[in-house]
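So that you can see what the record holds, here are the features copied from TrEMBL:
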{"type": "TRANSMEM", "residues": "28-50", "note": "transmembrane segment"}
{"type": "DOMAIN", "residues": "42-291", "note": "domain 'G-protein coupled receptors family 1 profile'"}
{"type": "TRANSMEM", "residues": "62-83", "note": "transmembrane segment"}
{"type": "TRANSMEM", "residues": "103-121", "note": "transmembrane segment"}
{"type": "TRANSMEM", "residues": "141-163", "note": "transmembrane segment"}
{"type": "TRANSMEM", "residues": "205-227", "note": "transmembrane segment"}
{"type": "TRANSMEM", "residues": "239-261", "note": "transmembrane segment"}
{"type": "TRANSMEM", "residues": "273-293", "note": "transmembrane segment"}
Amino acid sequence: MDATNESSEGAPFILLGLTTSPEQRRPLFGLFLVLYVAGILGNGLIVAAIRASPALRAPMYFLLAHLSFADLCFTSVTVPKMLANLLAHDRSISVAGCLTQMYFFFALGVTDSCLLAAMAYDRYVAIRHPLHYATTMSRAVCKALVGTAWLVSHVHSLLHILLMARLSFCASHHVPHFFCDHQPLLRLSCSDTRHIQLLIFTEGAAVVVTPFLLILASYGAIAAAVLRLPSASGRLRAVSTCGSHLAVVSLFYGTVIAVYFQPTSRYEAERGRVATVMYTVVTPMLNPVIYSLRNRDVQGALRALFTGRRISAGDS
């Protein structure tokens, strides 16, 4: 039997989850249920408000709606299964289910990465080249950026899943994680995983590190422009906004890079689980607060959404 058939016909994986202590499971269930609901409500409301409000037709809101939708889906790939496993006795997941979960996790994670870079570029153009903003960030350009983000992410994910599907797991099927992730599964494989690790460090770096560097460059240019503002209050407000954006972006990329861009032999399950929680649960929950809920136009659109009042572009 070849590796492909052995992996597809083998026993299901057992997800060990966040903890093996029965006493910790119910408190963790309550905590992550609250975080998950908050993230779903926050991102869902942002998508609904942007779609319903004619006042939110600027490129930044178009990109933000896609980021919120991607975040909503991203958390839903892993967290519901994690919550169910915290209360269930059977924590198994089939090989096909494991690969499917992994596919959408990587696809949506890379989409997030690309959209964050697109949003940073949008703010760079708005601040550094305001006179050319309407043409540089036209609707066609925004659609191209979003389309590229979704296309690149799915191609990236497909490459990884095709390689992962060829691995054989002849040892333990107990995964020390709350979802099917690269590093813990590679540790369990008895196949040669060097080609997958090479892909992570090359193509994976291109879709993660490159957007991160573009974001840093964009915010660096924005900071230089902000420092030239004549108003001290304006500088303080802009620095506060950019600082909060960079804090969440650094949390997202920092934990992603820490987990994936290291040799499999050095991967530590406990530290990996903690880091993964940061970018699978915490940052998707924070993104609506950081990028939108402090925005007066978005606040107005949300009020209109709840009251049923129509809001026009002239009301913003």
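Just so it is clear, glycine is given a Cβ too, placed from its N, Cα and C backbone atoms.
Automatic, uncurated: that is what TrEMBL annotation is.
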_Best-contacting stretch, by C-beta pairs under 8 Å, relative to the transmembrane segment (103-121) and drawn from 28-50, 205-227, 239-261_ = 205-227
*Any idea what the model's mean pLDDT is for the domain 'G-protein coupled receptors family 1 profile' (42-291)?*
88
